[in-house]
Amino acid sequence: MVLKIDLNNVFHPLLQDEGLKEQDISSFKEKFNKAFLNLREKKEKQELGFFHLPYFPEEEIVEIEKTAQEIKEKFSYFVVLGIGGSALGPLAVHTALNNLRYNELPDELRGGPKFYVEDNIDPERMASLFKVIEPEKTVFNVITKSGATAETLSQLLIVTELLKKKVGQRFTDHLIFTTDPEKGNLRALARELGVKTFAIPSNVGGRFSELTPVGLLPAAVTGIKIRELLAGAREMAEKCERENLWENPAALAAAIHVLLLERGKNMAVMMPYADSLKYMADWYAQLLGESIGKKLNCRGEEVYVGQTPVKALGVTDQHSQVQLYTEGPFDKLLLFLEVENYRNTVVIPPDFPQYAELKFLGGHTLNELIIAEKKATEFALLKARRPNYTIIFPEVNPYTVGEFLYFLEAKIAFMGEYLDINAFDQPGVEEGKKATYALLGREGLEEKRQEVLRVQKDPKYILS
Ligand code: PA5
């Protein structure tokens with residue numbers, strides 16, 4: 001029961017010049033060989049830690065499982081405080097693998113405490129969280145690789161004050177930090193306060209960290225089998241080591257993205273046909289956007305490269321975005337996520353046969369309908385000469401989710417190599433971060449503050 005990746009609709013003759021030919025891949029082989037060796041070297045030199053995550057040390061898995069068990073026994077709510085790579089993975093895996101109405105289930109049917117991922121600082125959202133949790137029965141898992149992210153640290157300050165009011169000096173029992181093994185404020189604070197802490201390996205960046213305690217602890221707390229997640233990732237890791245481009249799924253998918261990007265497909269849509277995979281599209285949007293959207297290449301030349309991620313949901317967005325995908329500009333590559341066996345079957349009962357629009361539905365299942373709609377959309381896109389490919393989940397389970405996460409991370413690593421950019425940094429987000437700190441008066445940023453304040457808003461462009 002492993003993932004399948006169906007690339008037919010990238011090479012189909014119906015696509016005419018909008019698709020690829022097998023020769024395109026053959027002529028890509030030299031680029032692949034170079035990328036393959038570069039990545040292997042970076043892996044061996046321990047520069048790219050995510051390659052090693054499927055082989056996560058046994059003693060750390062045991063520690064995560066033990067902590068998860070203690071949390072399940074003692075607490076009713078588990079809240080992740082983090083943003084970007086420190087939140088999107090936990091949310092995506094939770095949604096994929098737990099009941100879609102997890103928090104609303106009765107206690108005995110849930111795998112663990114109620115689960116929240118707070119990845120924004122909208123004051124209304126924060127205030128509403130405190131209406132539904134009881135702080136004295138809550139663990140807050142503060143996740144920040146850098147230990148310096150203002151949003152997450154603000155949340156930490158807010159919950160610390162709340163906890164101190166509710167449980168006094170025992171507030172540290174309600175905190176778990178997940179951060180860099182050595183560096184950063186959170187690590188220092190953990191030492192000072194004696195807070196339970198998990199480490200994100202220093203050579204693993206935020207958006208590649210789902211298979212570290214960033215994702216593994218929240219998953220284990222809600223009852224997900226983390227060993228299965230890692231086993232799936234291991235299976236995919238082995239496939240992504242293959243030296244033949246046609247057999248290496250990550251390298252081949254990355255080559256397709258890059259070849260089509262060079263031909264103007266500068267948008268990449270991910271469209272899961274499963275609500276359980278909806279937030280995988282959010283997780284992937286960050287991975288693709290932040291990793292591949294770059295101004296400079298590795299030689300310091302301006303390249304302004306990137307493929308804009310677009311999130312969609314099948315079938316919902318068939319009634320919203322598919323018109324654009326089928327008839328709009330030829331600038332998109334679509335990636336569908338298909339599920340062969342959903343975890344539930346719902347029959348559509350036959351009734352009102354006097355209406356043709358109802359008669360043909362009766363006796364089928366929602367499962368058949370959603371699969372048929374996916375195939376029909378795929379067909380319509382192919383006919384309209386829009387390249388697309390599909391990742392097929394035999395079923396959504398921890399093993400296939402582990403395969404999926406690793407496949408996309410490795411694909412992004414290959415894309416970075418092919419495009420000769422650093423897929424693992426994010427210099428473009430720094431300016432905005434600094435300007436925020438400056439506006440809030442952080443020491444040492446007085447000049448930046450003046451620079452920001454000098455940019456005046458002209459009232460004539462503000463309509464009311
Ligand atoms: O991928 C990344 O590195 C970023 O998106 C980070 O995940 C995000 O900025 C949050 O950073 P941190 O985990 O350091 O708080």
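A Cβ is built for glycine as well, from the same backbone N, Cα and C atoms used for every other residue.
Bear in mind that the values here come from a model prediction, so they are computed numbers and not experimental data.
Marked as active site, proton donor by TrEMBL: Glu290. Under the heading active site, TrEMBL lists His319, Lys433.
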Worksheet entry | Between Lys433 (active site) and His319 (active site), the C-alpha gap once rounded to whole angstrom | 37
Response to the item:
Using a 10 Å radius on the Cβ of Glu290 (active site, proton donor), the other Cβ atoms enclosed count 23
Practice prompt. Fewest other Cβ atoms within 10 Å: which of the active-site residues His319, Lys433 wins that one? Let me know.
Written response: His319
Worksheet, complete the sentence: What DSSP gives for Glu290 (active site, proton donor), in three states, is helix
Worksheet, complete the sentence: Glu290 (active site, proton donor) to His319 (active site), Cα to Cα, whole Å, comes out at 29
